[in-house]
Amino acid sequence: MPRSDSDIPDNEALPWQTLLLLAFQHVLVVVATPITAVFLIAQALHFSDTVTTSLLSATFLLCGLGAIVQSLGIGSVGARLPFIMVPGGAPIAIFIAIALQTSIQTAIGAVILTSLFYFIALPVFRRFLHHFPPFIIGIMLLMVSINLIRLYGGLIIGPPGSGHFAQPTHILLALTTILITLIFALAFTGILRQLSVMFGLLAGTLLGVALGSTDFSEVSHGPLFSLPQLFPFGWPVFNLTASLPLLIYAVISMAEAAGQTIATAEIVNSPQNVHKAIPRTIRGDAIISLLGGLFGTSLIITSGENIGVVRTTNVRSRYVTATAGALLILIALLSPLVRLATCLPGPVVCGTAVIVFSIIGVIGIGMIAREPLHTPGKTYALAAGLAMGMLPILVPGLYQNFPSGIQMVLGNGMAAGTLTAIIVNSLFMLSEKRAAVRLKH
């Protein structure tokens with residue numbers, strides 16, 4: 001692939017000023033995810049402000065460590081690709097449900113059990129990697145994109161019936177963020193294009209300040225340093241039955257990690273064997289999630305946002321994401337930075353997420369389009385995958401009266417669509433092989 005003036009290869013070392021700017025941009029893009037995750041858990045479980053701040057600090061710390069591990073690699077752990085890790089969306093909902101049904105200690109025990117399950121299940125999962133060709137990965141990315149655009153779009157307008165529902169100011173902030181991002185991506189080259197996402201975020205935040213939607217007055221209040229607490233809720237409780245939903249999700253998570261690794265390796269033109277990188281990605285997810293359990297967080301996994309940011313900015317250097325990891329650790333240890341991160345306007349961050357995840361969808365469409373869709377197998381695999389993937393997204397609550405285990409798989413558009421496409425594609429391939437054998441005889 002020819003290199004443009006905006007391309008930065010995956011192994012390129014950059015001047016420290018450029019490195020810091022690009023890393024800061026990555027942090028701005030992903031910072032909303034840990035904040036949202038912790039606030040959702042804190043609100044559902046009625047944590048105090050002190051516990052919430054400590055948990056947020058721990059989450060930033062682990063996201064930073066995860067970015068360094070996945071970007072640089074340690075032995076057989078870490079993808080050695082430009083990855084940042086964040087709390088997974090689905091695991092947060094499962095974590096909260098387990099905590100409400102049993103206890104917070106049981107939910108943390110479930111995180112630890114699931115982290116260990118990754119290592120147990122990985123040798124079996126590796127045997128099925130040939131069922132994840134680029135065509136299937138494209139369907140997975142498209143489902144992830146559509147699902148998360150719906151999620152972040154919903155966060156922009158707020159819950160129906162609330163006093164802030166579809167507030168024009170919130171929509172204006174989100175659209176301004178998207179517009180400025182696109183202007184810098186289309187009208188500029190070099191470093192200005194590479195920083196387009198950051199400029200969009202900053203422009204949206206400045207508009208938020210001008211409109212009175214952002215308040216930084218609380219940043220200077222509170223302690224200067226913060227250290228996450230080990231076992232903040234006491235010793236974990238291990239309950240295999242209560243942990244089952246999170247264990248089921250782990251299988252889905254491994255499939256998602258495989259897709260993200262394949263897609264990212266393709267985008268950055270990584271010379272490494274991608275099928276060897278996938279187990280390293282999953283081991284990284286497992287170890288960081290295990291540490292998360294010790295510090296009271298939910299599962300911390302490789303983020304799909306990486307793919308969108310890399311494609312948007314053409315910054316493919318894994319040293320950028322490793323530096324972003326170091327910045328996240330710095331944020332975790334300095335309380336004012338934790339408080340500053342929480343002040344970014346929600347609609348601005350969500351507007352950035354919408355454009356980033358839309359690009360992930362475009363990447364997925366590109367991977368699908370490379371396949372000869374005129375063959376019945378590919379046509380029906382795509383149609384069935386889209387049908388099963390889109391139904392739970394477009395019709396929320398479709399499976400609400402089904403057992404929780406079935407809800408976990410079929411109610412997750414990414415999981416349902418991907419698994420359906422794999423099954424249908426495999427059946428057609430098996431049918432074609434049998435037909436070929438009959439012709440020979």
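Note that Cβ sites are derived from N, Cα and C of the backbone, with glycine treated the same way.
Now, the feature entries from TrEMBL:
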type	residues	note
TRANSMEM	20-45	transmembrane segment
TRANSMEM	51-69	transmembrane segment
TRANSMEM	81-100	transmembrane segment
TRANSMEM	106-125	transmembrane segment
TRANSMEM	132-157	transmembrane segment
TRANSMEM	169-188	transmembrane segment
TRANSMEM	195-213	transmembrane segment
TRANSMEM	233-252	transmembrane segment
TRANSMEM	319-338	transmembrane segment
TRANSMEM	344-368	transmembrane segment
TRANSMEM	380-399	transmembrane segment
TRANSMEM	405-430	transmembrane segment
Recorded stretch, among 106-125, 132-157, 233-252, 319-338, 344-368, maximising Cβ pairs under 8 Å relative to the transmembrane segment (51-69): 319-338
Chain residues outside the transmembrane segment (132-157) and at least six past its termini with a C-beta under 8 angstroms from it: 36, 89, 165-167, 170-171, 174, 255-256, 258-259, 262-263, 266, 304, 307, 346-347, 350-351, 353-354, 357-358, 360-361, 363-371, 378, 381-382, 385-386, 389-390, 393, 413-414, 417-418, 421-422, 425
Beyond the flanks of the transmembrane segment (81-100) by 6 or more, those residues with Cβ under 8 Å of it: 10, 26, 30, 33-34, 37-38, 40-41, 44-45, 59, 62-63, 66-67, 70-71, 106-107, 110-111, 148, 151, 242-243, 245-246, 249, 252-253, 260-261, 264-265, 268, 270, 277, 281, 284-285, 288, 292, 297-303, 305-306, 310, 315-318, 320-321, 324-325, 328, 408, 412
